[in-house]
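S.K.: I'd like to ask some things about the structure below.
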């Protein structure tokens, strides 16, 4: 079977070879080069690849809905399991997935926000990005499940649904097989599917690379802007109006929800753990508490060091950044304001260019 061959190839690449390490190194080196040269070096490709990927996803989504037994897949996806919804682990996993999927967990919104122009409203952008992200995620999940149900029905007409669920759960590390196994199968049923599959995976790689760049940039920009204060800047009035209920939600609803989920998870963990909660072990409550304590202690120590030596470190780092003009074509860190023509994370080669107005150096 084609899916078995694809599964074996995926397993060979992800588990039994050094390709993941090599590809990660190549991605990191490429991101370093982009940050050094400036994101405008890849911007033309992004303007074509990302919309192209969106068009391909819509096309594959519509085609998947026409496959045999797609109705059963839709019923499976959109029929709630009330017993599963009553477990805190599901909600924690959903929140973690959404935080990772939108990039909020990696802090890349700090990069985007610091690089926004007056015309890029934070309310409008902060609404559209999660909305489009979750829409694409829902479409992608739907077309994968439609493909799985359709293929399973053809090769195992009398197969049990439990076997199908087991198949879905054994698709490589982190369910990577859902993309690298089943998407080629879906494209194989389409006219010109080989070309479309090649374009799809090329665009997926480019999209992943475009997300990896700001993740690295969020680290480098902190070092470049060390000791500087970013003031606020009024928008041009084109942004959407923030509802009055937003402040109420942030102040009261979200803290209560977070506290409730935390208490719910602690109680559920203590009741259902195979080992006592006070013992160290995989997934135990004490392991989580110890991890939180260590991370909190490290962050507290770093903040104390920064507060105590902030002025000295700021002067030292500023002098180091000023010497970047000795590095040819170094583009990291300093942005230039071009008004509405600015693109996110646009940078300049001029190391000693006059600072943007909202910057104030801390002495």
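From the backbone N, Cα and C atoms, a Cβ is placed for every residue, glycine too.
In TrEMBL, annotation is done automatically, which means it is predicted and not curated.
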S.K.: Ranges 94-114, 199-219, 220-240: which does TrEMBL label transmembrane segment?
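M.R.: In TrEMBL, residues 199-219 carry the label transmembrane segment.
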S.K.: Write down the single range among 245-265, 266-286, 287-307 that appears in TrEMBL as transmembrane segment.
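M.R.: Spelled out, TrEMBL records transmembrane segment over residues 287-307, not the other listed ranges.
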S.K.: With pairs closer than 6 in sequence left out, are the transmembrane segment (131-153) and the transmembrane segment (199-219) joined by 3 or more CB pairs under 8 Å?
M.R.: no
